[in-house]
């Protein structure tokens with residue numbers, strides 16, 4: 001093992017740093033987004049129980065949108081960690 | 001132990017830093033998200049106890065979405081710490 | 001103790017720093033999340049005492065979700081500190 005391999009290793013260290021922090025930030029995004037959606041949907045069902053199916057449809061659709069982006073970002077973070 | 005091994009150790013250090021901070025950020029995300037969902041759901045059940053089943057369904061669904069992303073991000077952090 | 005041992009000590013330092021900060025962030029997440037859930041649940045039970053069992057069920061479920069992620073993140077922080 002010579003100096004160049006070590007310097008190469010050093011480069012990977014920042015990848016792991018950024019990957020893990022990026023995955024954490026993605027989880028914050030999912031929390032902010034899906035949290036508001038879930039709060040709005042549960043309160044909406046309580047206000048108008050007859051519309052529960054419509055409300056649930058909108059809830060699942062928007063939550064899936066947020067989830068898609070967040071999972072994609074977590075996978076990007078995982079790839080940076082595993083590199 | 002010579003200088004090169006020490007420099008190699010330095011590389012891992014930032015991984016651990018980022019992994020632990022990333023896991024903490026993921027926990028903040030879960031807190032923001034599931035906190036709002038739980039608050040909304042408990043208040044919604046109090047407002048319309050007859051709709052408790054619909055409300056509980058929406059609560060569990062959205063909480064599971066947030067939980068999935070957050071656990072995924074914590075695992076990315078753990079991988080960075082254990083690397 | 002010569003220069004090399006000192007440099008080796010420096011390497012572990014950032015791990016410990018990150019581990020402690022990450023565990024602290026996880027505690028903030030648990031505080032935000034379970035705080036809102038507990039607030040919502042106590043107010044909900046006060047509003048509709050007959051629905052206390054349903055409300056308690058939702059409260060425990062969501063609080064356990066937040067707790068799971070936060071404990072996991074604290075363990076990641078502990079691992080980084082102990083490394």
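Cβ atoms here come from the backbone N, Cα and C positions, even for glycine.
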(Q) According to TrEMBL, transmembrane segment applies to one of these ranges: C:20-38, C:39-57. Which one is it? (A) C:20-38
Q: May I ask you to report the DSSP-based helix, strand or coil state of residue C:67 (site 'Reversibly protonated during proton transport')?
A: helix
Q: Could you tell me what the rest of the chain brings near the transmembrane segment (C:59-82), counting residues at least six beyond its ends with Cβ under 8 Å?
A: 15-16, 18-27, 29-30, 33-34, 37-38, 40-41
Q) How many other Cβ atoms sit within 10 Å of the Cβ of residue C:67 (site 'Reversibly protonated during proton transport')? A) 17
(Q) For the transmembrane segment (C:20-38), give me same-chain residues lying six or more residues beyond its boundaries with a C-beta closer than 8 angstroms to one of its C-beta atoms, as numbers and ranges. (A) 59, 62-63, 66-67, 69-71, 73-74, 76-78, 80-81
